[in-house]
Amino acid sequence: MGQTWSPLTHAGAREAIALACRVLAHRGLADGILGHISLRIGENSLLVRCRGPQERGLAFTEASDIRLVDLDGNPAAEGELEGGYSAPNELPLHTELLRQRPDINAVVHAHPPRVVAADLAGLGIRPIVGAFDIPGTRLAAGGVPVYPRGVLVRNRQLAAEMLHAMGDRPVVLLRGHGLTSAAGSVEQAVLQAISVDTLAGLSLQVTSAGGALKDLPDSDMAELPDLGGSFNTQTAWRHELARISAAW
């Protein structure tokens, strides 16, 4: 294996993933103990949120809950899964994405109730808003694909089915289950999930009020500026971290 587990190995990345898990929970996308985030580390390994003997849920994730495993779920360094830690049952959901999508480095899997409810109600995630959430609108342009099976994605075959439904899109819904978001960074993957959840919530509100969902006109879409990564990701992420800091 070449190295021994230490909380100081990839310490910054472990802490970043732990904070991202807490953001998911604080935003209501990962209630309880379900959900996980991973980050590619090198060619054949990833840091992933694991479950230990004192599991308390994503809202209480610490850097020590983030462990380094290989693409088959084995410890990628000596001691990584010691202390009663285990990789998620749905690790193949992460590893198959990392195997097949070289464009992504981070994967988020969460169970947002509003996303599940909107999909079960037959409401697709569409670009129904404009400047309200420009990155979310662009993400939803053309719709967000759906993997139509409500299964636990616990093996490579099921993960391959999910990837087939996802195509080259950044997010896929899992019917009766949740969503998977993939991006170049942990922060971007979480922000994408938040945008999809927000659009799902708005869709439920609009239809509950008797309204009809309409896509943003192409002419309006063309007018939406690209505010750049420093605003769309970096500033937005500072806000998310400030929210959880204030909550604590």
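Here the Cβ of each residue, glycine as well, is placed from N, Cα and C on the backbone.
Proximity of Glu90 (active site, proton donor/acceptor) to non-local residues of its own chain (separation of 6 or more, Cβ distance below 8 Å) is seen for His36, His109, Leu152, Val153, Arg154, given in sequence order. The active site, proton donor/acceptor annotation in Swiss-Prot covers Glu90.
According to Swiss-Prot, the divalent metal cation binding site annotation covers Glu90, His109, His111, His177.
The Cβ neighbour count for His109 (divalent metal cation binding site), using a 10 Å radius and every protein chain shown, is 29. For the recorded divalent metal cation site, residues Glu90, His109, His111, His177 set the reference point as the centre of their Cβ atoms, and the other residues of that chain within 8 Å of it by Cβ are Leu34, Gly35, Leu93, Ala110, Leu152, Val153, Leu174, Gly178, Leu179, Thr180.
Listed binding-site residues: His111, His177. The one with the lowest count of other Cβ atoms within 10 Å of its Cβ is His111.
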